[in-house]
Amino acid sequence: MGAVLRSLLACSFCVLLRAAPLLLYANRRDLRLVDATNGKENATIVVGGLEDAAAVDFVFGHGLIYWSDVSEEAIKRTEFNKSESVQNVVVSGLLSPDGLACDWLGEKLYWTDSETNRIEVSNLDGSLRKVLFWQELDQPRAIALDPSSGFMYWTDWGEVPKIERAGMDGSSRFVIINTEIYWPNGLTLDYQERKLYWADAKLNFIHKSNLDGTNRQAVVKGSLPHPFALTLFEDTLYWTDWNTHSILACNKYTGEGLREIHSNIFSPMDIHAFSQQRQPNATNPCGIDNGGCSHLCLMSPVKPFYQCACPTGVKLMENGKTCKDGATELLLLARRTDLRRISLDTPDFTDIVLQLEDIRHAIAIDYDPVEGYIYWTDDEVRAIRRSFIDGSGSQFVVTAQIAHPDGIAVDWVARNLYWTDTGTDRIEVTRLNGTMRKILISEDLEEPRAIVLDPMVGYMYWTDWGEIPKIERAALDGSDRVVLVNTSLGWPNGLALDYDEGTIYWGDAKTDKIEVMNTDGTGRRVLVEDKIPHIFGFTLLGDYVYWTDWQRRSIERVHKRSAEREVIIDQLPDLMGLKATSVHRVIGSNPCAEDNGGCSHLCLYRPQGLRCACPIGFELIGDMKTCIVPEAFLLFSRRADIRRISLETNNNNVAIPLTGVKEASALDFDVTDNRIYWTDISLKTISRAFMNGSALEHVVEFGLDYPEGMAVDWLGKNLYWADTGTNRIEVSKLDGQHRQVLVWKDLDSPRALALDPAEGFMYWTEWGGKPKIDRAAMDGSERTTLVPNVGRANGLTIDYAKRRLYWTDLDTNLIESSDMLGLNREVIADDLPHPFGLTQYQDYIYWTDWSRRSIERANKTSGQNRTIIQGHLDYVMDILVFHSSRQAGWNECASSNGHCSHLCLAVPVGGFVCGCPAHYSLNADNRTCSAPSTFLLFSQKSAINRMVIDEQQSPDIILPIHSLRNVRAIDYDPLDKQLYWIDSRQNSIRKAHEDGGQGFNVVANSVANQNLEIQPYDLSIDIYSRYIYWTCEATNVIDVTRLDGRSVGVVLKGEQDRPRAIVVNPEKGYMYFTNLQERSPKIERAALDGTEREVLFFSGLSKPIALALDSKLGKLFWADSDLRRIESSDLSGANRIVLEDSNILQPVGLTVFENWLYWIDKQQQMIEKIDMTGREGRTKVQARIAQLSDIHAVKELNLQEYRQHPCAQDNGGCSHICLVKGDGTTRCSCPMHLVLLQDELSCGEPPTCSPQQFTCFTGDIDCIPVAWRCDGFTECEDHSDELNCPVCSESQFQCASGQCIDGALRCNGDANCQDKSDEKNCEVLCLIDQFRCANGQCVGKHKKCDHSVDCSDRSDELDCYPTEEPAPQATNTVGSVIGVIVTIFVSGTIYFICQRMLCPRMKGDGETMTNDYVVHSPASVPLGYVPHPSSLSGSLPGMSRGKSMISSLSIMGGSSGPPYDRAHVTGASSSSSSSTKGTYFPAILNPPPSPATERSHYTMEFGYSSNSPSTHRSYSYRPYSYRHFAPPTTPCSTDVCDSDYAPSRRMTSVATAKGYTSDVNYDSEPVPPPPTPRSQYLSAEENYESCPPSPYTERSYSHHLYPPPPSPCTDSS
């Protein structure tokens, strides 16, 4: 920057020597200086690399340059001699700072903002910022200062354009120009002449006037294209012009001497004469001691010529000099992605953004006046946070077990924090620092939202917008709950208390009312019911109720007695909660205020007095003040929750805060980890969480049916469970990994499960046909029956000290006991109504009774001393005592997992065995495991299973793969051990590892669920090339995609094709597929690139739905679902036989595994197999498997054989498709949209042939006439013109050669087929009303002797006798017509001969080819007709001898074959190809024009798109808005979004910057509120929907595209 400094100093010196100044201007991307006398030279860049610099000014005396950047929404500065050092001056609260001016005397910075419509001032460093003007401003732009007189001037180009003047202290505001003005842009002052100059870009003039607006005169008029900024130096005016991209100048008096100073400016913006003369020195009234002001000292036009002022929101004290210490009353506002504060002390109501990070979806907000913390909830971060009022000291308060915290309230007296959670449906409390958390209310809550507290009385109030909306009240400890209002409510969103008058106010977003009542529910009345379309946030302070409105995008307030309303903030989107508060005033007290009421943890005040409470995991001891961690306690599970009860006190049970529990059944714990485990038979999961409810996770999610029994192996850290539905006992690690089936044979409804890890035994009960209690080693071995004669035993538990078993018998209603061998049975209790769960601790047994709805206790040996521990409990499923004595002992698995790689399973006599996950095998070291290499995979609708044929292993397990919705087909890559499947719901191909990890979308629709682009049907993997071949039901093609998701392209496509099932044989280079063409299904074979296509079978098929092949046996298998049979053949199609056709109902999948062919029958829900050798016949493999969809065999991969495949290494060197030829070498090929290049390895773009041409895939010939395509003769060197030829349509006749002709030409006496097959076997009988021509042709009898030849042999006009003399005129007419026809025919024939045979053909290099052709064409050439080769002479290399040439400008008026489909290029010039290969005919001389880019409908850019700083926008500087149009409406301008409409509806919504249109069908069902309203200023690129579709669940907004809906929805827990 040294050169810049030297230039600046030199130029500044020049200014002193001559009258021409340096001009400082903004160029959007940089700031520059240019010499006004030599503007043709390059300008000097002062600051570069800017985003969108608009306004610029300077303080010459301090060497500072300031500019505004509208893209970064900031004002910045730099020093002359340090221009590489850029400082931020103002970075918040700006949207479009269009104007900027420096007060060089008072050292202040003034600016205009055309988005916020404010004029502000601050110190030169950006501190002590103050809003001067905020009313009656509409698009303020240029601003100029006159510090010596204390005046400021600005332009306003809004609805009422004008130029105003005011004191620099905000006083004496006056409009000085308001006529003949439209777009006043530039503004400058002549300090010597006391004149005001301005430029109008619409009216194209520069005018001047006195500083008070009088004596207005034109300086330049009519010759200004688009003046923008204006400055003055001595006698010359300078301005920037947007149209000419230049700086111009003229005489300031006369306007003469108009000239261009500097041109070729990228985007000229603001401009100033950079000179000390433009900032003359004068007396500074603020120069001494800042004028005595504590904060701001601003110039004023009235004595004493200055005025003290305070920063925004702060009042000036009565002495007129000193500002108060901040605002005394604030309005705190939560927006979606930021928090703001608004001072209620001053009338400007300026919102100031707090400098906080990572706010994603703030909802509720509250304030603690004692410590000065703001508290807020974030629905997306799922946390409660706090910070000081200036944004500093940000902390996370609560982060665990938070779902959707919609309401928050501070108890400033007891120092507690309350919140509602509409995800967990709970109201909870904690200390203000987030410790000592406790659930207060968790029952009968649907959608709790707003919550307020009255610490002085001891009540809390909350709203619930569930199915039955209501407002409730309870004591601060959750007791004494009562409903205050439950009628005439819709969406009660907001709630506020008036402590002085004892009333409670609320706002309803559905009824659109603000109502009030007494705190006891009496005296209900309406305060406001007009123009409040959607209330959300709600608060009260003093005499005013404040609220936010989503739809109006506003904050308003109403006087609580007079009902007078006032808008505080308008057009601010994403409004959520708000809180009006006194900053320091603290009201009220209660006994909890002093020493926390004597409580060790929580002090909760009630109307009856304080109550000490304990957080989760603690219990209150006898003094009722102190909380301790109990040594032991009872845990029990009910349907929807898990609770605990103290064994030492009489306190009520306490719910453990767990979310999402549906139907908890079995329960256990791990005392060392302080976790609980439970099964959920509704969710079909096994879950765990810490005792405080945190870190909840599902450890087993797949393959469960009714997991009624479960137990924790606390030594081996394993989890055991019994599944009554699947009849299995399984084990895994505590985190669900390494799952293995231990017992599956001869199990009949296993139920309760108990473990004795120290001894190595497990015990379980069975409820089947012969109920019993069994025992086995913990690895599943040594199974034996202990108690055979028993009813349905449940609650099996072990007394580890006395070595006895206990259980309840549901059939006899007894509690019994035996020793560990099942002997010495004793009845402990016999007069029980309905005992169910059971546990033991010390000298007692504890059980649940469903009839008594109780938990009871009795002596474990005698059954005496029975006591009811807890009553009024419905359907307690399981019970246990949480204590370390229940998990004692030791075995070798407790130490380093027994050094096992996976599972360590205890066995009797202190031993252990290492276990492996299901289907894994234990290695010779007896420690480690190996994954299976050979197995079967089969899929169901929402699961994929693995099966092994091993008597020692459980046959099948469900793989833990998430998000399976509708699995249609599966395949497996044995190299990477990745599973691939088609999801027909998402219309995608996905892959994942067997353990569910590394999930990935391989092929997916770009637009989900609408206008489906793809619809995969079947897939097959080429493991050598690493490709997936898949058929698409939507586009009817065979597509190829790399395993990493990169597309290769379509390899097979035909007009009539319907490829469905597919299997590849990469060892031979072929693929086989079913082609379900209408009325003619086929099984076909083609090379892997789609060439060499042949039909193997077209008869004896109805719906061939599945394919399989065995490459080693050389066999192809298929299943026909309509014919209900399975067939096979050789891979060539020979030796077709029916393998099985009996008792097959709906075969949908086939696979070959060893010597067996496996298939799945969807209707019979069965997997079967048949021995292909015929020795063992047909066998059922597994039955009762619902919703089967596919099956696939995985064989062990021989790496040596794999590496020998020529395509396995780098895809054989091919860029796309690698095929194996018969000799074992490779051939590279390409998908249909590409062609093979000359290196015969790489694919590239095809040559550009005309629409009337066909592009050969490879070879030296690029283009041939499309009429030669599929004509039975090969012209392309690679024969590609005769590949994939379409089947003739019903209206056509297929010649023996495959050529298609019009069916009407069959047997017409002329050979239209090149092989003349259309005239063979033509013995046809004509109808009664037809005449038979001599050649066999049939024509209507009325055409006989009608003077018109109808038979091709003219036989219809032979032997005719005229009946009357023809009129001469008619004869002349007929003759004329015939003459015309003959003339046309002769001309056409000559033209055809010229074009086809005689005209020279151009090579690719432009040389003339001299081959001549003679065509003997028929009298008429039907569309698509190609002459027989015998009628042609001449030949070309690579074409059939005697082939005719058809010009690209065909005389037949159109293409004679299918359109060019390999390159999909239309409208391109054939001469544009870079290929040097030959073309069969000359290129079109004048190629068609290229497609034009559609122009924007708007030629004028829109401005800064949002009123919200948080909204991301990409725009350039906005010149003008369309101010004569109304601003965009809100997404729903009436209550249409709030009112009733169907939850399921079709909606079309189009939004532009000028408004919205929507098409919505409504009915009477309530729905959530509309999305958060957008700003008035919308980007032209943005599209917004109006009312969103109604969610079907409470969490429909979980993606946070919109604020949380207050619609009545289903419970989300």
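Placement of Cβ uses the backbone N, Cα and C atoms for every residue, glycine included.
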Which range of 275-282, 723-730, 1403-1410, 1603-1610 is motif 'PPPSP motif E', per Swiss-Prot: 1603-1610
Among ranges 1095-1117, 1371-1393, whichever one Swiss-Prot labels transmembrane segment: 1371-1393
Second cysteine of the disulfide that Swiss-Prot assigns to Cys599, among Cys612, Cys614: Cys612
Per Swiss-Prot, cysteine bonded by disulfide to Cys1345 (from Cys1333, Cys1338, Cys1360): Cys1360
Disulfide-linked residue for Cys1338, taking Swiss-Prot as the record, within Cys1326, Cys1351: Cys1326
Candidate cysteine (Cys1270, Cys1276, Cys1313) that Swiss-Prot pairs with Cys1295 in a disulfide: Cys1313
Distant-in-sequence neighbours of the repeat 'LDL-receptor class B 3' (150-193), which means Cβ under 8 A and at least six residues beyond its ends: 99, 101, 103, 106, 108, 110, 112, 119, 121, 132-133, 137-144, 199-203, 206, 208-209, 211-213, 216, 227-232, 237, 239-240, 252, 278, 280, 298-302, 305-307, 309, 1520, 1523
Intrachain neighbours beyond the repeat 'LDL-receptor class B 2' (107-149), with Cβ under 8 angstroms and 6 or more residues off its ends: 55, 59, 62, 64, 66, 68, 75, 77, 88-90, 93-101, 155-160, 166, 168-170, 173, 184-189, 191, 196, 198, 211, 229-230, 280, 282-284, 295-296, 298-299, 301, 309-312, 348-350, 1503-1504, 1507, 1521, 1523, 1577
Whole-number mean of pLDDT values that fall within the repeat 'LDL-receptor class B 2' (107-149): 96
